[in-house]
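In what follows, a single structure is set out as structure tokens and then discussed.
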Amino acid sequence: MKILSAVQTREADAATLQYEEIDSLELMERAAKAFACWFENKFTPQEPVYIFCGPGNNGGDGLAVARLLSQKQYHVKVFVVGDNQNPSPDHKVNLQRLPQTIVPQTIRSVAELPPLHKNHCVIDALFGTGLNRPVTGLFAEVIDCLNYSGACITAIDMPSGLYTDSQTPDEATIVTAHYTVSFELPKLAFFLPQHEAFVGEWHVVPIGLNPAFVNDAPSDYCSVTIDDVRKLIKPRRKFSHKGLYGHALLLCGGYGKMGAAVLAARACLRSGVGLLTMQVPSSGYTILQTAVPEAMTLTDNNRKHISELPENMDNYSVVGLGPGMGKEKVTKTAIGQLLATCTLPMVIDADAINIIASSDKLKAQLPKNRIIFTPHPKEFERLVGASKNNYDRLQDMKEFCREYSCYICLKGSHTAICTPEGKVYFNTTGNAGMATGGTGDVLTGVLTALVAQGYSLEEACLLGVYLHGLAGDLALQKVGETGMIASDLTDHLPQAFMTLTNN
Ligand SMILES: NC(=O)C1=CN([C@@H]2O[C@H](COP(=O)(O)OP(=O)(O)OC[C@H]3O[C@@H](n4cnc5c(N)ncnc54)[C@H](O)[C@@H]3O)[C@@H](O)[C@H]2O)[C@@H](O)CC1
Ligand SMILES: Nc1ncnc2c1ncn2[C@@H]1O[C@H](COP(=O)(O)OP(=O)(O)O)[C@@H](O)[C@H]1O
Ligand SMILES: [K+]
């Protein structure tokens, strides 16, 4: 699903009006209906609903929602904040359309606010995508009161005060919504970790924006939906054999961290790879052979650390490396040799990232169009450098991927996948139960298996990250968040694949 900027959203509105030959009021009515429909499914008409409206079309939406909800027996109170001398035309019309039972109250100072407490249901319709400066003054005071009240806040389109697609200035006041119901497409701000407290749980409701316009609108940002990844799945052929599904090589594990190799290996096998060979330090031999009998195990001459590459690298279709590897000098030398000589695609994680990040010489050796990096934010910072904020981090990621012609999966709540062309896809599966040691090792195994099976690097990133999060979501239903461990993800990978293939 494409992510458009605030400016593009306005253009999409205009294109829709023109194409469908409707006026803006009708589009606002659609938006209000879509919101009200979501709201009715979420909240019953028992508690009064307090709707706070701003001067623009977001406020107009709030007024139209007030009318629609009152028709559904909700007890609605409307507050128009500010002097409202310059309301948008559609705001004005919807103010006039309020039924007589709703008398809007103008709020010119916080002293005029109604008492609010935590059982109240608040709809935030102060500002949406039209916000063009930080919220200060009366609006900021009102927002502070709403936030402080503890009432359950649902924001229309955007939590008021939050910029849609750029860094919100520090001095701004922002609504801390429990829910944000956005129109047609998610906003870039929803995917960034620092906005969790403002956006809350977000949902997107369709309002029928012109699909051709949305399709053609240039944007570097997308969110990944189940339909996007479903169509990537390659069915297995009846007369197939293991030789058709690739031979993966995993260079993982170190003394005291052999578990990382086990986690990556099991996940790789559960993701459909034809054959798997592990190269581990010799002290890991028995561990691997016992814990993962399906994998072949080669031992490094070094007892504790990976220090060399296996012979006949041509036997393999992909190399996955990093989990549990450590940062020993011998390992760095082996990675240097790998980058200099190996012609295979590579999935590079954990300490392998740290090793490469620490050496300009290794960075200069990175082969083009053959690497997926899977850093968490700290590893990302080591590899790419520190960024001023999370918007700049997206730009820095795009530049790095362009410069090195590589893919990055920047791991997090919404893992961001960046391509060498500078396109960024945000994943939509996964949960906080996955914030536990070893889940990244599982991802390395999944991605390595998919590349082995002939998925392009881009397909592997999109599909693998989605499946990994989906396995986490399926595990959540069985074990909950707190008790989840990395192996639970691997246990649920088969079900995750089945969810995508419907069998
Ligand atoms: N395609 C869509 O997404 C649609 C969006 N609609 C709604 O329209 C909204 C956008 O409406 P508008 O463009 O009128 O913008 P907003 O209603 O978000 O705000 C614009 C108004 O607020 C003022 N303003 C901006 N920043 C301010 C600040 N910091 N302090 C005080 N005043 C400030 C502006 O001068 C203007 O009067 C969307 O968020 C959505 O709710 C729907 O009505 C129709 C379809
Ligand atoms: N709050 C969260 N919501 C969704 N996914 C998460 C969350 N926290 C972590 N994850 C996922 O879990 C994995 C953690 O990887 P990583 O930090 O490398 O862990 P480790 O190195 O211990 O294996 C990543 O794929 C990340 O996207
Ligand atoms: K809002």
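Here the Cβ of each residue, glycine as well, is placed from N, Cα and C on the backbone.
If you check TrEMBL, you get these features:
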BINDING   57-61, 128-134, ASP157, ALA260, GLY324, HIS376, ASP441  (6S)-NADPHX binding site
BINDING   ASN58, ASP124, SER160  K(+) binding site
BINDING   LYS411, GLY412, SER413, HIS414, THR415, GLY440  AMP binding site
DOMAIN    9-215  domain 'YjeF N-terminal'
DOMAIN    225-500  domain 'YjeF C-terminal'
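Listed in sequence order, the residues PHE52, GLY54, GLY59, GLY62, ALA125, LEU126, PHE127, GLY128, ALA155, ILE156, ASP157, MET158, PRO159, GLY161, VAL175 complete the 8 Å Cβ shell around the K(+) site centroid, once ASN58, ASP124, SER160 themselves are left out. For HIS414 (AMP binding site), the same-chain residues that are 6 or more apart in sequence and have a Cβ closer than 8 Å to its Cβ are PHE191, SER223, PHE426, ASN427, THR428, GLY430. Per-residue confidence over the domain 'YjeF N-terminal' (9-215) averages 96 (mean pLDDT, predicted model). With respect to ligand 2, the binding-site residues ASN57, ASN58, ASN132, SER413, GLY440 contribute SER413, GLY440 as residues with a C-beta closer than 6 angstroms to one of its atoms, given in sequence order. Nearest by CA distance to THR129 ((6S)-NADPHX binding site), out of the binding-site residues SER160, GLY412, SER413, is SER160. Ligand 1 lies under 6 Å from the Cβ of ASN57, ASN58, THR129, ASN132, out of the binding-site residues ASN57, ASN58, THR129, ASN132, GLY412, THR415. Checking the binding-site residues ASN57, THR129, HIS376, LYS411, GLY412, THR415 against ligand 3, not one has its Cβ under 6 Å from it. Around the Cβ of ASN132 ((6S)-NADPHX binding site), 9 further Cβ atoms fall within 10 Å across all displayed protein chains. Listed binding-site residues near THR415 (AMP binding site): HIS376 (candidates ASN57, GLY60, ASN132, HIS376; Cα-Cα distance within 10 Å).
Of the listed binding-site residues, namely ASN57, ASN58, SER413, the sparsest Cβ surroundings within 10 Å are found at SER413.
Closest to GLY60 ((6S)-NADPHX binding site) by Cα-Cα distance, out of the binding-site residues SER160, LYS411, SER413, GLY440, is SER160.
Residues HIS376, CYS409, LEU410, ALA416, ASN427, GLY430 surround the recorded AMP site, their Cβ atoms falling within 8 Å of the Cβ centroid of LYS411, GLY412, SER413, HIS414, THR415, GLY440, which are themselves excluded. A simple way to gauge crowding: the CB of THR415 (AMP binding site) has 26 other CB atoms within 10 angstroms, across all the protein chains here.
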